[in-house]
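TrEMBL annotations:
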TRANSMEM  12-34  transmembrane segment
TRANSMEM  40-58  transmembrane segment
TRANSMEM  122-141  transmembrane segment
TRANSMEM  153-174  transmembrane segment
TRANSMEM  186-206  transmembrane segment
TRANSMEM  234-256  transmembrane segment
TRANSMEM  268-288  transmembrane segment
TRANSMEM  294-316  transmembrane segment
REGION    335-363  region 'Disordered'
């Protein structure tokens, strides 16, 4: 994310998230041939091993190095990146960038510092809730694949296909000026919520749940019996639509969260939001397991309700589309919820250099 200009962040973020969906689909293949969970865990662990090589392959973030005033190390990273990409770099221009980076003291910001700033505190709580709900619904709908009509393994693959479709569509919605980051998040959350509730209603009608209408269900079906199968199929595809939407929500959150936080705390802040997502993912099986205890549609009711709340809360977030990423906490706090704050003020050569360095993708 930190190597990309504003116009490419959404596309790059969703490109690697597509492989997340491919891995989700691959679980069907692994699970089909490795029915024993010990074997399955071993295969999955072996698939992760090549990731250790990334430490030696991926370039360092010169944006982060400059924010910590590690100028010499940052310069080497910039020159190396420029060489690998075949770009050209003016050293005089780079010196102006370094002067701008060294104009203030390097911030040693801990993650809990975000809660000292009123606007950033609200953004953090809202983001954490969004990640929490997204992960809960994502894994909940994945578990729900076994409850839908059809084969479990095929349903899982279909879920993955809908996810990939969301990853491909999300960048265009994110870059659409009518929607932006905030509108995209609201859209995907709302579709996810309506899909969960819609699937629940269709399933209740098709199965003629006693809680829906006890007297009529015991005597006369609400709909003809031969239509039940079709309704259950529609309910399944409505659930798949929910998986599409929640995958789109993940795509938006990865981009949006990174843009909301300044460089000095970006990695830690996104990690904090991701921790909230892990909590949601851990709770998801427990909620899904209450379907038979409380009532059949309990999980979809929870997922749909929490998704709707997240959609409403997303409307109170600041828009970041096309804006430069902030470097400091003060800059982030001052830039949000203010009109005409797309770019920092260009009153000095240092500021011009910083903004130009932010938006440049030629190196």
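Placement of Cβ uses the backbone N, Cα and C atoms for every residue, glycine included.
Automatic, uncurated: that is what TrEMBL annotation is.
Tallying C-beta pairs under 8 angstroms between the transmembrane segment (153-174) and each of 40-58, 122-141, 234-256, 294-316 places 234-256 first.
Contact between the transmembrane segment (40-58) and the transmembrane segment (122-141) is absent: fewer than three CB pairs lie under 8 Å, with pairs separated by 6 or more positions in sequence.
Between the transmembrane segment (186-206) and the transmembrane segment (294-316) there are at least 3 Cβ pairs closer than 8 Å, counting only pairs 6 or more residues apart in sequence, which means the two stretches are in contact. Counting Cβ pairs closer than 8 Å to the transmembrane segment (294-316), the top stretch among 12-34, 122-141, 234-256 is 122-141. Proximity of distant same-chain residues to the transmembrane segment (234-256), defined by a Cβ-Cβ separation under 8 Å and at least 6 residues beyond the stretch ends, is recorded for 1, 9-10, 13-14, 17, 21, 127, 130-131, 134, 137-138, 141-142, 144, 148-150, 155, 158-159, 162-163, 165-167, 169-171, 173-174, 181-182, 184-185, 187-189, 191-192, 195-196, 198-199, 202-203, 206, 270, 273, 303, 307, 317, 320.
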